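Pulled from TrEMBL:
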type	residues	note
BINDING	Glu570	L-isoleucyl-5'-AMP binding site
BINDING	Lys614	ATP binding site
BINDING	Cys900, Cys903, Cys920, Cys923	Zn(2+) binding site
DOMAIN	28-649	domain 'Aminoacyl-tRNA synthetase class Ia'
DOMAIN	693-850	domain 'Methionyl/Valyl/Leucyl/Isoleucyl-tRNA synthetase anticodon-binding'
MOTIF	58-68	motif ''HIGH' region'
MOTIF	611-615	motif ''KMSKS' region'
Amino acid sequence: MAGYRDTLNLPRTDFPMKADLPGREPERLRWWAERGEYQRLREQKRGRPLLILHDGPPYSNAHIHMGTASNKVWKDAVVRSSSLLGFDSPYVPGWDNHGMPIEIQVTKEFREKKLQPDRIELRRRCREYAAEWVAVQRAEFERLGIWGEWSKPYLTMEHAFEAEIVRTFAGLAEAGFVQRGMRSIHWCPTDRTALAEAEIEYQDIPSPSIHVAFPLREDAQGVFAGLSPAVEAVAWTTTPWTLPANLGLMVDPEAPYVVVRHGDRHLLIAAPRLEAVEKVLGSALPEVRRVAGRELLGVLFEAPWGNASRVVDGTPFVSMQDGTGLVHTAPGHGKEDFAVGLREGLGVVNPVDDAGRFELGAEPFVGRSVLDVDADVITWLGERGRLLASGTLTHSYPHCWRCRRPVIFRATRQWFMMIDHHDHRERAMTEVERVKWEPEGARNRIRDAVRLRPDWCLSRQRSWGVGIPALYCESCNAALLEPRVMKRAAELTREHGSDAWFEQPVEAFLPSGFRCPQCEAAGPFRKETDILDVWFDSGSTHRAIQVTHPEFGEAWQRAVREAGRIVYFEGPDQHRGWFNSSLMVGVGLTGHAPYTDVLTHGWVLDRDGRAMHKSLGNVIAPDSIIVRYGADIVRWWALATDWRNDVRVGDEILQRVADAYRKVRNTFRFLLGNLDDFRPEHAVPFARLTPVDRAFASHLAARLERMREDYRNFLFHRVTDALLDVCTVDLSAVFLDVAKNRLYTLAADDPARRSAQTVLWRALHDLAVAASPILVFTAEEVWQSHPGLVATCESVHLSEWPEHTREAVHEGPAGDDWAFLLEIRGIVNAAIEPLRAAKTLATTQEAEVTLTAAPPTIARLAQLGGELLGFLLVARAELIEDLDATDVRVEVQKTSLPRCERCWTHRPDVDDTPGQAALCSRCNRVLAARS
Ligand SMILES: [Zn+2]
Ligand SMILES: [Zn+2]
Ligand SMILES: [Zn+2]
């Protein structure tokens, strides 16, 4: 072809092979921003059926990591693909601003400057700090090509938002959900605060494991009459520091108990535990008397710190799998203990202060931290003859999510949302069944989370958050949730932010003439100083955002009215977190879940499947990938993995993603190169495409249609798989190979060339559109590289899914035609290959083939006419019918036809007169037309 190079239609395009995404992407971001492209998209979709993705707010205190990055990319793909499929899909990103991590960081800053801020100063700095990180994260998310209302995101610390949080609390309080009560709750003595379930992490740690004797104090029924020396009950515990708070011993009334002899003592244990206790004490324990568990109820033993320890019915908490069958019960220090204590009227003892130090009642350990006192308590018990055995045990123990130190159970007065108020739990369970959970297994997780969740402890003893608008009467100490006070608190919060509650005097919130509803006193009153759990903030986002973003609120209301979809899309920890808190608030106030669809994605792990941690040195920052490869690579990585599972990331994985990207990019480049002279008006109608082109166009349409379905189901990894496959297999490996000769050597406007271009044009258009939610930058770059594409729509991100993907599929069994053609091509190539390997043939073009097959197969091939040679890339093909053939037989021989010097095909019409260029008649015509 060399000498005729200038006479060929070789590919021509400015679309560069080298992507240079790190350099080009920021320019594209500016280009979109200048043109207001996102706003145009919003306007274009207004009034369409709604699909709302409500953004779960990340916490504003650090750079984004691979987890937050992939979460946002997945959400962006939901929003973009929904828009592409014709939905109105507004997206308002948000941030969670209040809470402990920021308060702790800011407190540290002040401490380093040796400053002691008051509450208001501390809160101001927290607000600034949160705003600084919002700005950082916003830039990082935008750099990933995420589209949304970045100029007005929702912030939980925005005044109007805080006011809605107060109003939401007031609504629940007025509906009777909120109560103040003594509860044994998770308490972090290090951070001095109550912790929510979602703030607890379990870690395996070694704990003491001791058996303690409780001597008999009072035996009114004479259960142990006649025993001397007096019996001692044996209880087992792994938390010796809770013994000063002991008020009872739980038993199983249905189980048999035995008095046994141990040296010169009488011990009481459950019969099924006898063998295990014998092992622990290292001696046989002969049975002296047998007692039914039920008979023990009401007997008083003496706890180590001198309290009466009453035997109570411990159903269902007494296990015969461990311990002694008599369970040490400290209602002030355990959830089950508290529940049983409440039921049995044991009362509560809690000699531990906010910092986890013993108070009076735990002598001689007053002032000691309960976290490091166990060894001394054990010694102390030993000195008093109370210790029967002591060892250690490794078990799973709750730790604080923030400081990673062990937490304790501690009875305190807190505000609670009562989960069983008005059958709330049942109603929430009913709503769970109405929501679509994806993957389906997530339904079980939320069911468990709702079924098992305790009452929601709403109060925190911290500063950075929304104040609880409750009052205390100084006269009678009643805790008051007064609707008019709460309403006023919301109004002042809207005006001045949540500082108002802490800054303004209590009078600012009192209605005139207000009296304590309990004692009629006209004052004084004092404001609650606790703040709301940040999970209450995020549980309220679905209400607050509708007020702070009225247009989004209208869309939300329309979605509810018109049965549109409202989607939440977060990680698996949100079954106990945001999915749960939003459900509690939504069902509490409206009877309904705030969402219709909940998607739960997996964790992002390192290449070996480990969580990423600074301490492991395996953290990969999104920015480091963007700088090296570009944001489209981060996006392809996130979207190419099935988000329903955990997602791994590492150098090799990213290298593979970059390779896949290069292949897709090169295919786009090849398409653009061969369409340089093509304009949409050159397109050949489907019916006039050549048979091979028609078959391929239908195949392509069918693949695109499947991609549409996958987008509809948010199965992005299937779309990326299909895109890569279409580019590398369908296009690069087959169709482009088959069409090359026509594209390069025919006259530019030859119908057979335009036919191939029409198919490539569809491929270019449809694949750019299909790739646009994934490779947001590259798809736009492709789009802007062809004036024909820009003429159909100014930006790929404003285009809609091509309708013809649906039509073409219904034009007949055409999809099958392509499969049939590929099969024949495979058989022919397999027959040619040995001759090429033996160097009998230099190229397949030198082959003449004879195909023998059953008449229907031959008829189908005959329909291709002259195109068959071009499709098989051979010099000559003979078709022979064989009525008995069950497969296709191929015979190959080397052609004796001369080769055209321009198009390199062997043809009978090549004029090979010596001394002049050997050209086929087709090439001769092309050349004649050019001159
Ligand atoms: Zn802590
Ligand atoms: Zn009062
Ligand atoms: Zn030729």
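Placed from the backbone N, Cα and C atoms, the Cβ positions cover glycine too.
Please treat TrEMBL annotations as automatic predictions, because they have not gone through curation.
Predicted, not measured: the structure shown is a model, and the values here were computed from it.
The structure, with features from TrEMBL marked on it.
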residue: Glu570; record: L-isoleucyl-5'-AMP binding site; CB count, 10 Å: 20
residue: Lys614; record: ATP binding site; CB count, 10 Å: 7
residue: Cys900; record: Zn(2+) binding site; CB count, 10 Å: 25
residue: Cys903; record: Zn(2+) binding site; CB count, 10 Å: 23
residue: Cys920; record: Zn(2+) binding site; CB count, 10 Å: 25
residue: Cys923; record: Zn(2+) binding site; CB count, 10 Å: 26
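It is 66 Å from the Cα atom of Cys900 (Zn(2+) binding site) to that of the residue listed as 'ATP binding site'. Annotated pair Cys903 (Zn(2+) binding site) and Glu570 (L-isoleucyl-5'-AMP binding site), C-alpha to C-alpha distance, rounded: 57 Å.
Other residues of the same chain near the Zn(2+) site, with their Cβ within 8 Å of the Cβ centroid of Cys900, Cys903, Cys920, Cys923, are Thr745, Glu901, Arg902, Trp904, Thr905, Arg907, Val910, Leu919, Ser921, Arg922, Asn924.
In this structure the C-alpha atoms belonging to Cys920 (Zn(2+) binding site) and Lys614 (ATP binding site) are separated by 69 Å.
In this structure, Cys923 are the binding-site residues from Glu570, Lys614, Cys923 whose C-beta falls under 6 Å of some atom of ligand 3.
For the motif ''KMSKS' region' (611-615), the mean pLDDT of the prediction comes to 84. Cα of the residue listed as 'ATP binding site' to Cα of Glu570 (L-isoleucyl-5'-AMP binding site): a distance of 23 Å. Taking CA atoms as the reference points, Glu570 (L-isoleucyl-5'-AMP binding site) and Cys923 (Zn(2+) binding site) are 61 Å apart. Helix, strand and coil residue tallies for the motif ''HIGH' region' (58-68), in that order: 3 helix, 1 strand, 7 coil [DSSP].
Broken down by DSSP into helix, strand and coil, the motif ''KMSKS' region' (611-615) contains 2 helix, 1 strand, 2 coil.
When secondary structure is read from DSSP and collapsed to three states, Cys903 (Zn(2+) binding site) falls in the coil class.
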